[in-house]
Ligand SMILES: *Cc1c(COP(=O)(O)O)cnc(C)c1O
């Protein structure tokens, strides 16, 4: 199924092709298992997550290590659950953004290698070493502190050297001074230099200039590695590919890759798309109708009165709003699914509620399940459609689905776990 959107000045094209029709969840009984308090939940399809990581494994082959990126609570999906699934189905280790996220995984029972990709200050060294977490380094003072903590605790600390080849974010500039400093780090006691890595700025864009820039970044990394080799520094791993890099293929893979968004079931962008498999979206956002009413011509809906009924309309209310992460910018623009059909969201999205126009969908009832993004029956509202509509990327909407929304994990059509953040 090809979807084509024209939104203001931008064209967006998505090809969404659900290979296998999954058990649809219009089933009332199933949805009732899904909530205990408010009928709002993010449904997480663990089979889709397993499928995606297995396909990524197939894409990179058996000899490239996979560092599965589960930062930001696994892009909103729940980091412990998703780390477990990815490690079970093809990932070799996991990566997060900061120490707190790494500790959450350790406390959740993840025993494998956990790498922090962002900056960790030397002042956190004791905790870092105590939890056995791998750390990214691009400053000698931090490395020294990690080494001292490792010596004190009689453990090794695995460090990953970040190199800034053109992202302009963190990392050593690829120059002689950096080589000298990395030599110093490599000599520190109880420090194991596990990898040297960089991050691409435009690997998710496919115009000629962007492709050339990605290749330039890759060449800079290789040149820097050559210089390190000349001073006898050879890291166990080299890595540079995010999901988009993985999609570009063999020439960029190096010895390890760091897929994020592709694991959660989305192509890296509208123009850089996996061709060897169709990623299956893992999360769908769902709520049940709490109220239905008939509006007469001229009556309005929500704050600002931005929706006015031109004739009699049937309006349903959902108990979900922008405080749950359903973006307010979608007001009067997004579609949702009810009884397998698209319905328009109408009026401003409120903090905790929003309204939809169900006039054209017969027999809608209070308690009906509504899909805000994802699939229901044969119809879907792809997250990319919503992201494109408000000028953002799928990543952002996923991470913003917050703690008020329980995560409901489904495997083989059954609810296998519920994660309630507010109440146990
Ligand atoms: C977030 C992140 C990734 C994953 O990016 P995706 O585009 O989601 O695949 C990989 N590497 C680093 C350093 C990151 O920060």
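Keep in mind that glycine also has a Cβ here, set from the backbone N, Cα and C atoms.
Heads up, TrEMBL stuff is auto-annotated, nobody curated it.
What TrEMBL annotates here:
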MOD_RES   71  N6-(pyridoxal phosphate)lysine
ACT_SITE  71  active site, proton acceptor
BINDING   169, 351  substrate binding site
DOMAIN    282-410  domain 'Alanine racemase C-terminal'
ACT_SITE  303  active site, proton acceptor
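Taking the features listed in TrEMBL, we show where each one sits on the structure.
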| residue | record | DSSP class |
| --- | --- | --- |
| 71 | N6-(pyridoxal phosphate)lysine | helix |
| 169 | substrate binding site | coil |
| 303 | active site, proton acceptor | helix |
| 351 | substrate binding site | coil |
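Each of the recorded positions 71, 169 was scored by other CB atoms within 10 A of its CB, and the lowest score goes to 169. In this structure, the CA atom of residue 303 (active site, proton acceptor) is 11 Å away from the CA atom of residue 351 (substrate binding site). A mean pLDDT of 97 is what the model gives for the domain 'Alanine racemase C-terminal' (282-410). The two recorded residues residue 71 (N6-(pyridoxal phosphate)lysine) and residue 351 (substrate binding site) have their Cα atoms spaced 26 Å from each other. Helix, strand and coil counts under DSSP for the domain 'Alanine racemase C-terminal' (282-410) come to 23 helix, 50 strand, 56 coil.
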